Ligand code: SAH
Ligand code: SF4
Ligand code: F3S
């Protein structure tokens, strides 16, 4: 375990080890010296800021980056004025990319004033050749660029950055390597994400994730459970198992294990009180999983089940491998078996070939399922995906469809959230309310937010709260003594 490593005793006169993670431990030790030298030159402790875009997977990666940065001697900061700024990028939709270019310009203006400042880029966007070409041409001020497959060698790359004066680019096409046991600095003391698998094999025709995250790889259960045990010993009570398609977890492992079986193993870890997971693909959601969820006290009453479209024609063109009817049946089964579950989803509008009738189908599913919440997106063309070559829908049509979908979603979500009125449910207290310091903010098992009177010492505790007033998508209430 890296906690037991004495980095100061690593002999840097030797060649770096070839095997991982020992090789990275060596570079952490080496990097400490560089940071110290830089600090002396700068005359102040060096600060670092990790800026995260995108999904929970990226958020978890950022915690790994932060872990290394702390180990090599940086003080973590939340400001892009820091001496080292790293953007962990997302490329799932074009607006995510545009935001990164915007931040980069801003960051460069600060770099001109701070000669010690370094800028790095990593994450999904870096796995695209057109992005790298653009950076090489117009963003020469960036010091270090790497991708999603080699994030484990961040310490080594940092060393190279200190040893060189030009732009360092290291991008891998794919990898079947999973390096365990590197430092992580968590954002929250009481909850944590944990990767159970990487990559995706589904190739939905609109989606760039399989191209930038590579093929599906599951971590071994032993490694996952050990990591969760360690987190639990460290004060974590809620964990979120992360993967692009958790329902196909374990399929490529030597000893095959299902996602539902993994959940049951996780449940045995005493100090873990809540288990969440993300994301489920409807085509792979098993009866076994529904059964395990139904009988569990720890698995949260929340399932995020991306629909994308309610039109069977569009679903087929998207390569989602389920029909409108199959989705409806699945959702009905889940609601029947677990009545207090909250069902949330992702919906996309404007996929090539989508007509107003297809949007009607989507709205029909929204109303029939009654989603508790939904993320709605406008389809964004991703270079290299099959859908990019299909005929695109005119923009006005897309916007008209999007507005209709959004309205339907808000209507069902309001109704669903309102049904909790008057109930007493347990909430995990996450923070002191930003607007009103006499309140704390908690999250129910079904993911709904509730604000209630309380103080910072409640953070990390799971307490029963009476839901008194519904404000559209969240509640206000009061802490009570017993649960229902
Ligand atoms: N693995 C998850 C989704 C990951 S991406 C799943 O299969 O559901 C998160 C969401 O972004 C997707 O559910 C989809 O709704 C949206 N998305 C993906 N590609 C997109 C694109 N090209 N344009 C717009 N939205 C997209
Ligand atoms: Fe993208 Fe589909 Fe994989 Fe989700 S399942 S990451 S939408 S290709
Ligand atoms: Fe974005 Fe990469 Fe996640 S593209 S949504 S950060 S996997």
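Keep in mind that glycine also has a Cβ here, set from the backbone N, Cα and C atoms.
Going by TrEMBL, these are the annotated features:
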type	residues	note
DOMAIN	46-163	domain 'MTTase N-terminal'
BINDING	55, 90, 124	[4Fe-4S] cluster 1 binding site
DOMAIN	186-415	domain 'Radical SAM core'
BINDING	200, 204, 207	[4Fe-4S] cluster 2 binding site
DOMAIN	418-481	domain 'TRAM'
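Projection of TrEMBL feature records onto the structure.
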residue: 55; record: [4Fe-4S] cluster 1 binding site; Cβ neighbours (10 Å): 18
residue: 90; record: [4Fe-4S] cluster 1 binding site; Cβ neighbours (10 Å): 23
residue: 124; record: [4Fe-4S] cluster 1 binding site; Cβ neighbours (10 Å): 27
residue: 200; record: [4Fe-4S] cluster 2 binding site; Cβ neighbours (10 Å): 22
residue: 204; record: [4Fe-4S] cluster 2 binding site; Cβ neighbours (10 Å): 22
residue: 207; record: [4Fe-4S] cluster 2 binding site; Cβ neighbours (10 Å): 21
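For the recorded [4Fe-4S] cluster 1 site, residues 55, 90, 124 set the reference point as the centre of their Cβ atoms, and the other residues of that chain within 8 Å of it by Cβ are 53, 54, 57, 58, 89, 91, 92, 96, 123, 125, 209, 212.
Annotation note: residue 204 ([4Fe-4S] cluster 2 binding site) sits in a coil segment as assigned by DSSP.
Excluding 200, 204, 207, which define the [4Fe-4S] cluster 2 site, the same chain contributes 202, 203, 206, 208, 209, 210, 244 within 8 Å (Cβ to the Cβ centroid), listed in sequence order.
On the backbone, the CA of residue 207 ([4Fe-4S] cluster 2 binding site) and the CA of residue 124 ([4Fe-4S] cluster 1 binding site) stand 12 Å apart. For the domain 'Radical SAM core' (186-415), the mean pLDDT of the prediction comes to 97.
Cα spacing between residue 90 ([4Fe-4S] cluster 1 binding site) and residue 204 ([4Fe-4S] cluster 2 binding site): 17 Å, rounded to the nearest whole number.
With a cut-off of under 6 Å between the Cβ and any atom of ligand 3, the binding-site residues 55, 124, 204, 207 reduce to 55, 124. Contact annotation for binding-site residues (55, 124, 204, 207) versus ligand 2: 204, 207, each with CB under 6 Å from a ligand atom. Residue 200 ([4Fe-4S] cluster 2 binding site) and residue 55 ([4Fe-4S] cluster 1 binding site) are 14 Å apart (CA-CA, integer value). Among the binding-site residues 90, 124, 207, the ones whose Cβ sits under 6 Å from an atom of ligand 1 are, in sequence order, 207. Here residue 124 ([4Fe-4S] cluster 1 binding site) is positioned 13 angstrom away from residue 200 ([4Fe-4S] cluster 2 binding site), judged by their C-alpha atoms. Break the domain 'TRAM' (418-481) down by DSSP state and the numbers are 4 helix, 35 strand, 25 coil.
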